[in-house]
Each structure stands twice: as C-alpha cells, then as structure tokens.
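One structure is given here, and the rest of the page talks about it.
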C-alpha cells in the first residue's frame, strides 16, 4: 500500500471543504454520499469508519477524513483486498498516536472481560414499536402496481439504515422469506425481512436456515394473479356454475334454487376462510380484490380488443360476481371487527 502523497492530501482537503464541516468536523450523514458512491459493501464501510474515527466521537476531523478516504480508494482501486484490523503506522497522524494506544488497551480489556460468545437466534416476535418502524420503511419504498416491493428497492433502502449487514446477509434473508423466489414480496414478508436483518445488524443474530411453520405459511401464500391469460385450472365454483348453465339451457327451472344454495354455501366458506385474518390482512386483501374487480370490469367493457374475444364472457361475469361477493363479506367482517374494538375500548374507558 503506497504511502500518502501531498497531492492526495490536497484532493482530500477539497472534498472535505465541500462537505461544509462544522467546527472542522463532518458527521456520518455528510460523508454518506461518498460512502454510498464507492459501491463497497456496508460491512466494509462500517469497518473503515470505525478505524478512521480514532477518538470515537462519531465525527471525522480532517486527519480522520484522510484516513477514511485513503482506505476507501485503496479498496475501490484494489490496492488492498480487505480492510486491515488496525491502521498501519504510516497512516496514523502524529497527533493521534496516543489515542490509538488507548484504543488498543481498551480493546484488550474489553476482550478479556467478555464471556464466550453465544449464538444469538432471531426472535420473530415484533413489538408494536417494531411494527411502527417497519411500517414507515415499507411506506417509504417504491412499490409495483400490485403493491409488492422488489429486492433491489428493499436492499437499497436498508443498506442506508443497517451498516453491519453484508450483501450475503441480504440475499440469504431474501431467500429465507421468499421461498417461491418471486420477483417481489408483499407487506407481511417485507416486515419479516426487515425484522430479521435488523437483529442481524444490531445483535449479530444468526440467519436461520428455515422459518417457523406459522411464518412459512405467511411467506408461502400465493399472490393474487391479475393475468386473464393465466393457465390456472378451472375452480370448482366455475364447474358448478357451468352445470347450472347447462340445466338452464335444457329448460330445467330448478337450477335457480341450486344456484342460490351454491351462493349461500360459497358465502359461508368465505366467512370461515377469513375468520382468522387480522384487520390489516383484511384491508390488504380487500384492496387486492377491488383492484382485480376494477380490472375485470374494464376488460369486460373493452369488448373490441383481441384479448376479450378469446375470453368467455360468462366466466368473466362469474368472476365479477364472486369477487363482489368476497368484497362484501370482507367489508362486513371488517365492520364487525371495528365494532368489537370500539366496544372493548368503551369497556376499558
């Protein structure tokens, strides 16, 4: 690693001055654009910052800034393959020699007092404060039209918040909470993605090889498909509807009674299916169903398109009726839950 040259120091001074230091120091937020533009892994940047911040005040004076910049450039230009555990003597400013010695002594004492490291496991429970924090991150992310978020969007956002996680950590947790290898994930898996990485960053928790069964069900659930050309097999509801249509075509008026009983049976099954959902899950599902309903309606009105010619109008009508029914059931369920909540709040007060 070549030693510092005078022209380098002048270049670093120009950069340092451009960051508008306060009391001859710059903080992490001021240096963050430089760190981010280096494209180095966040764990590497975190180690560089630790080495450069010799007095541990979370700010860099010019001498410390020079150390930070030199290590970054050496990593980017591949002059070194990894960040050293300790600063080389030629990179330590004369005014900081005593501070370096004190830091080494503190580290030795701390290591001597530390008990053997135990493996920290991820705790999947999320407190209300955790949920509020993850909700803010989720809302700040750019989403696709179906409300899901891509890996690139999430990893870019979290790399600016968690400095102790690597790209490998991001990829491992993404594979963990996205077992179907989907291009994007919805709200619940996103929360677990953030929650796991946060514990990895803050506590050094080990990334598990698999999810608990209850979480695996959440992360394995299929997203609602909006593709009318999908090759999914016909549902039982559609088969029953076709049987009713055949009876009607043959002049058997009793089909209306059969259809009515099917609707009641279908409504009961929908209520049972959604009875265990939370208010947030109900609201999210309602939003998806309404989106699909609007999409189907627009497709039905565009009868002149090539796609609509290939679609059975009767099956579209069945889909519209079924979706409207599910939306109505969900609305009733959500209203009942709200009334229950109001009643509980009234009892507490």
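Cβ from N, Cα, C; glycine included.
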Feature phosphoserine, as given in Swiss-Prot - residue among 43, 155, 159, 276: 276
Most Cβ neighbours within 10 Å: which of the binding-site residues 53, 55, 57, 64 is it? 64
Determine, from DSSP, whether residue 64 (Ca(2+) binding site) sits in helix, strand or coil. helix
According to DSSP, does residue 55 (Ca(2+) binding site) sit in a helix, a strand, or coil? coil
